[in-house]
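Student: Below is the structure I would like to discuss, written out as structure tokens.
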């Protein structure tokens, strides 16, 4: 028994499939943005004038001032920045690869893994910024991450709709023997 699909159903399916491709592309671009942010974070550790993006001083103390008082503290902060940059870059690479190779081909496990990786990283990192524990320019410090996250969320929503559409279409084809 075959089921004829109306042209409207076919067009809607194509739109969802195209949305899934665009969504996976946006997710991958957000992953690339995370990598870029991590690279800037890493470079500023060695070549910047402040402590990090958007953090010029800590209570009026510059890195040079702190280094004059206790170089070990500055080296410790730098070591933490290098480690943080490494994990931001690694997460960005993972998200990019998952989105491009897994999500783009309709793999729900890849979509879920990319979401979990991004959510865990952001859920751990972002809350510290809202305790007024140190002064920072939120636009330069967090703005790039928020922009990349917005692109990622839009992409994830579009990709999920595309993945769900593909799985419903495959289930319908399986039932009808098409």
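Every residue, even glycine, has its Cβ placed from backbone N, Cα and C.
A TrEMBL annotation is a machine prediction, not a hand-curated record.
Here's the feature list from TrEMBL:
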{"type": "TRANSMEM", "residues": "25-47", "note": "transmembrane segment"}
{"type": "TRANSMEM", "residues": "80-101", "note": "transmembrane segment"}
{"type": "TRANSMEM", "residues": "108-130", "note": "transmembrane segment"}
{"type": "TRANSMEM", "residues": "142-160", "note": "transmembrane segment"}
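Each of these features: where is it, how hidden is it, and who are its neighbours?
Tutor: A Cβ distance under 8 Å defines the sequence-distant neighbours of the transmembrane segment (108-130), meaning residues of its chain 6+ beyond its ends; these are 27, 30-31, 87-88, 91, 94-95, 98-99, 101-102, 136, 138, 141-142, 145, 149, 152, 156, 159-160, 163, 167.
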Student: Who are the chain neighbours of the transmembrane segment (80-101) in space, where the CB to CB distance is under 8 Å and they lie at least 6 residues beyond its ends?
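Tutor: Distal contacts: 24-25, 27-28, 30-39, 41-42, 44-45, 52, 110-111, 113-114, 117-118, 121, 152, 155, 159.
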Student: Using Cβ atoms and a strict cutoff of less than 8 Å, what residues sit near the transmembrane segment (25-47) while being 6 or more residues removed from its termini?
Tutor: 53, 78, 81-82, 84-89, 91-100, 103-104, 114, 118, 144-145, 147-149, 151-152, 154-156, 158-159
